[in-house]
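Student: Below you'll find the structure I mean.
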Amino acid sequence: MVVLKKKVTLLRGISIIIGTIIGAGIFISPKGILQHTGSIGMSLTVWTACGILSLFGALCYAELGTCIKKSGGHYTYILEAFGPLPAFVRVWVELLVIRPAATAVISLAFGRYILEPFFIQCEIPDLAVKLVTATGITIVMVLNSMSVSWSARIQIFLTFCKLIAILIIIVPGVMQLIKGETQNFKDAFVGKDVSVMGLPLAFYSGMYAYAGWFYLNFVTEEVENPEKLGKTYAERLLGNFSLAVPIFVALSCFGSMNVEYPLTMVMLFTGDIYSLLNFLSFARWLFIGLAVVGLIYLRYKRPEMHRPFKVPIFIPALFSFTCLFMVTLSLYSDPINTGIGFAITLTGVPAYYLFVIWDKKPKWFRNFSDRVTMLLQILLEVVPAEKNVS
């Protein structure tokens, strides 16, 4: 019998959440939000709304994680509520879309920020960004392959770099507010008119920055008692010292570049940061919204289920409606990138019947399928709660 040991204490759980939320997203998202809202006031409104939605989502996942005590996160909850087909499609999309695209986004941010000090007076060539990014991804892959202990040490150092980059931006900003420097908030809503079609893309950028609150649910079985705007701002405020900001941001991104190497490299050279962000966000929030719909469904399907933590029903209702509405609207806002994400999602249905339902597979195909299954379990940290060992 193989089981997961309960090694994740409350403090470690909090550390996992903080470590995954505070990352490269905070340096990538502001430009995307401002670009699609058109004013400081509206962008701050979107930031606030995304923060509240993320809180609602975290509360929903707290209920799901305490009543379904299995690792696997979104996959497990969709499987429990709606069965194996949509759960398989969720894993399929995670492998082909979400993980490699998310790595490509972070990696492109690394490439751009590491080159910032060398292109102060001009625009950074896209090819240079992608070549440096590809080099960075390759280095990460080699480091992870050579030594787990060295990778862990480097990760600790890069975590400190991440925190330093954030503090360099936040602390001087708070000091300026204390001094009364609030002129940027005057006529805060003056700017280009807000387009409804731009809201889903602003939503994607905002939710990307807050993303990470759901990662603890991937290891529920191990939990004890589970009941560029930054650089522009720094230039104005910090002068020459602002050159340190892109370096620290680049190191922060470097620490998040864990790799699905082939797919990540393909996406790296076929998209930019924000097109890839829309591409992965469509699939991510579609299935997170579906998982929270599953919470509502399980309330009625299995009312007897033990729920140590229970949220008011309006919270999952509002969260899931917002996610699914924004996902649907984004098909009109960015039909190319979200449309590709939707098409790849649909390919999960025939893949399910090919890999799972078809029971007369030749031996070579069964061996290939078993390897794919093992890879998915490693990537998604899904291990059967009990397994008979012969």
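Just so you know, glycine gets a Cβ as well, placed from its N, Cα and C.
Remember, it's a predicted structure, so these values are computed and weren't measured experimentally.
As listed in TrEMBL for this protein:
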type: TRANSMEM; residues: 9-28; note: transmembrane segment
type: TRANSMEM; residues: 40-62; note: transmembrane segment
type: TRANSMEM; residues: 96-115; note: transmembrane segment
type: TRANSMEM; residues: 127-144; note: transmembrane segment
type: TRANSMEM; residues: 156-178; note: transmembrane segment
type: TRANSMEM; residues: 198-216; note: transmembrane segment
type: TRANSMEM; residues: 237-257; note: transmembrane segment
type: TRANSMEM; residues: 277-299; note: transmembrane segment
type: TRANSMEM; residues: 311-332; note: transmembrane segment
type: TRANSMEM; residues: 338-358; note: transmembrane segment
Student: For the transmembrane segment (338-358), could you work out the same-chain residues 6 or more beyond its ends whose Cβ comes under 8 Å from its Cβ atoms?
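Tutor: Counting only partners 6 or more residues beyond its ends, the transmembrane segment (338-358) has Cβ contacts under 8 Å with 84-85, 88-90, 92-93, 96-97, 278-280, 282-283, 286, 327, 330-331, 369, 372.
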Student: Which sequence positions outside the transmembrane segment (198-216), separated from its termini by at least 6 residues, show Cβ-Cβ distances below 8 Å to it?
Tutor: 8, 13, 16-17, 19-23, 25-26, 28-33, 35-38, 43, 46-47, 49-51, 53-54, 57-58, 61, 65, 73-74, 223, 274, 277-278, 281-282, 284-285, 288, 326-327, 329-330, 333-334
Student: Rank 40-62, 96-115, 127-144, 277-299 by Cβ pairs under 8 Å to the transmembrane segment (311-332) and hand me the top one.
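Tutor: Stretch with the highest Cβ contact count: 277-299.
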